[in-house]
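Residues or ranges marked as active site, proton acceptor in Swiss-Prot (evidence: sequence analysis): Glu95. Annotation comment: Swiss-Prot describes 103-333 as domain 'Radical SAM core', evidence class sequence analysis. Under the heading disulfide bond, Swiss-Prot lists Cys110-Cys339. Summarising the annotation, Swiss-Prot assigns [4Fe-4S] cluster binding site to Cys117, Cys121, Cys124. Positions annotated as S-adenosyl-L-methionine binding site by Swiss-Prot: Gly164, Glu165, Ser196, Ser219, Leu220, Asn221, Asn296.
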Amino acid sequence: MKEEIPVLKGKTKKELEEICVSLGLEKYRAAQIYTGIYKSRYTTIDQFTTLSKEVREKLKEHTQYPEIEIGRDLVSKEDGTRKFTFYVGENKEIEAVWIPSGDGGRKTICISSQIGCTLNCKFCATGLLEYKGNLQTWQILDQVLQVERLVGDRATNIVFMGMGEPMHNYFSVMKAAHILRDKDAFGLGALRITISTAGVTTGINRFIENKEPFNFAISLNHPNPNARSSVMDVNDKHPLEKLIDSAKRFTKELDRAITFEYVMIPDVNMGRDNAERLAKIARSVNKCKINVIPLNTDFTGWRRPTDDEVKDFVMHLKAKTTAPILNRRSPGRDINGACGMLALKGIRSETTK
């Protein structure tokens, strides 16, 4: 979408003021447009009835109000999770997932930040795709707008854990996160928004320096500095030692816990030794939480751990650290909507819309 003709979605209030002034409109119109986009969730400019018809016509003539195009809508028979495929250009697809956990009414949308991914994490299907670029801020936010409209409900939490590496699209991701947080827009609390990374230390350090208020998660997945590269190629450029240093800096300077995500893979990163190494990292970082996730994908030749293997690993981990440990469930596995499965070809369920 060419910005020679400005796109209203994805803009901050200040940016909308600049657009209004450039069109000869009163500056206060920006606040009306802003709340109309993000709070009222209007799908067309004609719905902005707080604006005069003359103003609406001027906006339609000189600005754009696009939507990402809905493709597939798969519904899990197991837990009600829904995975949406959206088209953002010719041969460019992204996915977002609606996760109704049922835990105290928590409703999460997992959104994408890139078309494909710049990294190649061996357990993640997105890494198999050709990288086709960063998403613009409006395309990130429109995933939330579209999913909420399609499910007829509002999210309580947003996680940037879909397709792509958020730290490689830092500006657009953080801009979207701040709009999601704004009380005049989506109105989500900062700690209901989680930004994730596979371990891009430059992005983590920038996040710290900017004193960003959001939750932050690191996809760790191996506690051994040398072996981690065999699971995640990001470790070659951003070694585990520097990653842990950044995590320590995060907890010290921002004075809040960081989350480590750990995909459990038998014969790769499980067993007592790896549990003890992971616990040592947790102790050194001090303020952290650990989410352990059984491997979901099977294209790697690796297998999903058994329940007993998971229990054994978590038991050894708990014996060596006081950090909170969550055995994260994997909603949407039957529609390839769980962690690491985005971009895998799903089987349309009988409840597909």
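A Cβ is built for glycine as well, from the same backbone N, Cα and C atoms used for every other residue.
On a Cα basis, Cys110 (disulfide bond) lies 15 Å away from Cys124 ([4Fe-4S] cluster binding site). Considering only the recorded positions Glu95, Cys110, Cys117, Cys121, the residue whose Cα is spatially closest to the Cα of Gly164 (S-adenosyl-L-methionine binding site) is Cys117. When the binding-site residues Glu165, Ser196, Ser219, Leu220, Asn221, Asn296 are screened for a C-alpha within 10 angstroms of the C-alpha of Cys117 ([4Fe-4S] cluster binding site), the residues that qualify, in sequence order, are Glu165. Within the set of recorded positions Glu95, Cys110, Cys121, the entry lying nearest in space to Leu220 (S-adenosyl-L-methionine binding site) is Cys121 (CA atoms). With a 10 A radius on its CB, Ser219 (S-adenosyl-L-methionine binding site) counts 26 other CB atoms from all the protein chains.
Mean pLDDT, taken over the domain 'Radical SAM core' (103-333), works out to 93 on the 0 to 100 scale.
Ranking the recorded positions Cys110, Cys121, Ser196, Ser219, Asn296 by the distance of their Cα atoms from the Cα of Glu95 (active site, proton acceptor) places Cys110 first. Farthest C-alpha pair in the S-adenosyl-L-methionine-binding residues Gly164, Glu165, Ser196, Ser219, Leu220, Asn221, Asn296: 19 Å apart. In this view, Asn296 (S-adenosyl-L-methionine binding site) is surrounded by 20 other Cβ atoms within 10 Å of its Cβ, with every protein chain counted. Taking the Cα atom of each, Ser219 (S-adenosyl-L-methionine binding site) and Cys121 ([4Fe-4S] cluster binding site) are about 10 angstrom apart. Annotated pair Cys110 (disulfide bond) and Asn221 (S-adenosyl-L-methionine binding site), C-alpha to C-alpha distance, rounded: 20 Å.
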